[in-house]
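Visitor: Got a structure here, written out as C-alpha cells. Questions coming.
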Amino acid sequence: MNTIASVTLPHHVHAPRYDRQQLQSRIVHFGFGAFHRAHQALLTDRVLNAQGGDWGICEISLFSGDQLMSQLRAQNHLYTVLEKGADGNQVIIVGAVHECLNAKLDSLAAIIEKFCEPQVAIVSLTITEKGYCIDPATGALDTSNPRIIHDLQTPEEPHSAPGILVEALKRRRERGLTPFTVLSCDNIPDNGHVVKNAVLGMAEKRSPELAGWIKEHVSFPGTMVDRIVPAATDESLVEISQHLGVNDPCAISCEPFIQWVVEDNFVAGRPAWEVAGVQMVNDVLPWEEMKLRMLNGSHSFLAYLGYLSGFAHISDCMQDRAFRHAARTLMLDEQAPTLQIKDVDLTQYADKLIARFANPALKHKTWQIAMDGSQKLPQRMLAGIRIHQGRETDWSLLALGVAGWMRYVSGVDDAGNAIDVRDPLSDKIRELVAGSSSEQRVTALLSLREVFGDDLPDNPHFVQAIEQAWQQIVQFGAHQALLNTLKI
C-alpha cells in the first residue's frame, strides 16, 4: 500500500530537508494527539529544517492509540499538517518523530525503559487535565484515582503518567543517569506546577528521599500553547489526501497561526526552539492569563451561546454581527482589564483573535469547544469575574457566558433539540438538572463547588448577576439575550 513515505509527493508539499538518520529519541512525548502533531512536533521539525541535529521525538501512547501508532509506523513516522488560511493552504510533512511505542503493540516495560535511555533529555506531555490525576479542589495528587491506587500498589508496573515518570526517574537515579526535564504542553493554567505536584506527590508516597532528589534535580517549566487544531474528520482527511495524492491517516488540519511561550529552565538541554519563533521567557504566567481569558474565554463564550443559537462552527458565529461584536467587547472590556501582562498591544491581539475565529477554512465545532466546561470555566471566566467583583466593575458578558454554560449543560438548545453534553462531571450535572426546575437551575448548578469554589455561590451579587443572565437566555433565547446585554 502506498504511503507518504513511499511515493513522490507533489512539489507544493514541504518535506523534511534534514537527515532523519541523525535523529535520536531525545524527546519522549506522552500523547500523540492532534494538538501535539500540529504544535510541538511541528515546531521541532522547523528547528531541524533550519539547522539539522539529533532532536528526534519518541511518541508514547499507553492504553489507546494503537491503531494510530501502527499507521504512523507504516509510513516511517512521517505525517502531514495542513495549515488552512483564509488566503490559502500550506502542506507540511513533519519528520521530527523518530519512533513510537504503545502499551498494546509493545509493552509497558518497553515504554518505561525508553524513558531510561541515556540520550533522553526532555519528557513532554499533552495528556489533558485528567491525565495528571490531580484533585481539582486541592491541586494535589488524587490518591483516590484508580490508576494512582494501582501505581502505589505496584509501582514498578505503573499505569498513570505520574507513576511512569516517577518510576523512570527512580531508575535513572539508580543507574547514575542525568534526569530529564518534564515539560507539560497542555492548555491548562500553571501547567508546570500541575505536573510537578503530580510527580512530587507520587514520589513522596513512594520515597521521601526520591522526592527530594527529584525536587533538586528535575525541572518542570511552564508553557503557554496556542494554535486552533480541530479534531480530524473524514472530510479533513479526504481533503489532505487530495493535496498529497495518497492517504495519510495520521494527518491533521489547523490554522496558520502558532504560538508557544516556554519558561527557559531545562536541566539537560533543549532544541533551539527560538529558531522556529518560540518565545523563551523567565515567566509564562502573564502570557498564559492573556491567552486563557482573551482567547479561550471568548472561545467558550462563543461555543455555549453560539451552539444554543444554532451555530455549528465558531466561524459561523463570527458571520453574525452581534456575536462578533460581543466577542471583541468581552476580550477588551471585560477580560483585558484583569490581566497583568506588560508591553503587549491587547487591542491588536484581540483583532488577531477575531480574524482567527472568522477563518472560514477552519471548521472548528462549537460542540467540540463546549466539552469539559466544568474544568474550563474556572480559569477562562471565573478568574476574571473574581477580579471584577473585587473592583466592582462591569462583567455582564462574562455573566452571560456562565449562564450560557448552565443552559448548555441543561441539555436542550434554543430550538428544543437535545444536546450531547460531554463533561467529566456529566453524571453529577445531569442529576442536578433533573432535580431542579428552571427557576432553581442556577442555585442547583452553583452547588458544584469544584467549579465555583466556596466564595462565588455565597456572594449575593454574583448569584444575582448569573440569575439575571439565565433568565434572559430562558426568556428570549441566547441570541436575543446577547443583543439585550450589548444593548444593540
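Note that Cβ sites are derived from N, Cα and C of the backbone, with glycine treated the same way.
Features from Swiss-Prot:
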BINDING   Ile27, Val28, His29, Phe30, Gly31, Phe32, Gly33, Ala34, Phe35, His36, Arg37, Ala38  NAD(+) binding site
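Help me understand the surroundings of these features in the structure.
Guide: Cβ neighbour count for His29 (NAD(+) binding site) (all protein chains, 10 Å cutoff from its Cβ): 26. In the three-state DSSP classification, His29 (NAD(+) binding site) falls within a strand.
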Visitor: I'd like the number of other C-beta atoms within 10 A of the C-beta of Phe35 (NAD(+) binding site), please.
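Guide: Looking across every protein chain shown, the total is 21.
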